[in-house]
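Take a look at the structure below.
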Amino acid sequence: MSQPMTVQCPTCDTPVEWSAASPSRPFCSERCKLIDLGAWASEEHAIPVSPDAEDEMFSGDLEAPHRGH
């Protein structure tokens, strides 16, 4: 039988078996899962986006309102 795959907990680096026996995977525990969620909620973690892409994404939202005079 092969060894089960293990991954490192993203919060504390503890080895975690990737199986149904580890319901919080990839985290080692519910505590580490909540610590990570809190970091995303407080914007300690972010997905990098180039400033140009962000400007392009929201440029349509900033159009001046049409005035019918």
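A Cβ is built for glycine as well, from the same backbone N, Cα and C atoms used for every other residue.
Listed in Swiss-Prot:
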type	residues	note
BINDING	Cys9, Cys12, Cys28, Cys32	Zn(2+) binding site
REGION	47-69	region 'Disordered'
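Sequence features annotated in Swiss-Prot and their locations in the structure.
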residue: Cys9; record: Zn(2+) binding site; Cβ within 10 Å: 20
residue: Cys12; record: Zn(2+) binding site; Cβ within 10 Å: 13
residue: Cys28; record: Zn(2+) binding site; Cβ within 10 Å: 21
residue: Cys32; record: Zn(2+) binding site; Cβ within 10 Å: 19
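DSSP assigns Cys32 (Zn(2+) binding site) to a helical segment in the three-state reduction. DSSP assigns Cys12 (Zn(2+) binding site) to coil, not to a helix or a strand.
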